[in-house]
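The signal peptide annotation in TrEMBL covers 1-22. Look at TrEMBL and you will find 50-207 tagged as domain 'Cupin type-1'. As annotated by TrEMBL, oxalate binding site applies to N98, H103, E108. Feature annotation from TrEMBL assigns Mn(2+) binding site to H101, H103, E108, H152.
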Amino acid sequence: MAAKLPTVVLLASFAAVILSLAAPLLAGDPDMLQDICPEANVTAEDFFFPGLGKPADVYSGNPMGSAVTAATVERIPGLNTLGVSMARVDYAPWGGANPPHSHPRATEILFVADGLLEVGFVVATAAPASSRLITRVVPKGGVFVFPRGLLHYERSVGEKPAVAISAFDSQLPGTQAAADALFGSSSPAVPTDVLARAFQVDGGVVENIKSKFQHK
């Protein structure tokens, strides 16, 4: 046994090194290396955005009945390397929805500032090709968390417009809308026969759905 100890120690040390190298890759954003980035020619305006105080139009030409106002590094340059961002979501009453989507680089914590929201996210289960919906109604003043990368949605279920404020642990969480990714992509598009098999419908049904999306 004594002769094998150095090998065990070597393997344990190797595993520790691998984990230490992988840790930054598991984070939403890399750790910052200086106070702010860039440091030169920075003004207070690089850290300011007034947009979250203004309601968005959720009615005019808006089939979802919702609108997202993002406060990410694309609008606030001072967020660069800080690993945080926010968003405001406005919802029309009785059904205004932020449809199923995911944020590949961030966990989201959502605060309901006004109205009543039904929210939910989907998790995989132990059963093959199976999943479970975690859902509940969140009242005004309530908070709900969507784990990073999981498909989730919000829907207004009250008689008045709803407003939510979200925070993310990434300067640019990214958003991938499920329906648009599957049916709205182009050059190349997801093959119709693949989608028909996945949803167990006729190819004509898939083509009809694709026609409702504006291809990019």
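Backbone N, Cα and C define each Cβ position, glycine as well.
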Below 8 Å Cβ to Cβ and six or more residues apart, same chain only. Which residues does that give for H103 (oxalate binding site)?
F146, R148, G149, F168, S170, P173, G174, T175, Q176
Mind checking which of H101, H152 has the fewest other CB atoms within 10 A of its CB? They're the binding-site residues.
H101
Measuring Cα to Cα, how many Å separate N98 (oxalate binding site) from H152 (Mn(2+) binding site)?
9
Which of these binding-site residues has the least crowded Cβ, counting other Cβ atoms within 10 Å: N98, E108?
E108
Quick one: pull the CA-CA distance for H101 (Mn(2+) binding site) versus E108 (oxalate binding site), whole Å only.
12
Rounded to a whole angstrom, what is the C-alpha distance between H152 (Mn(2+) binding site) and E108 (oxalate binding site)?
10
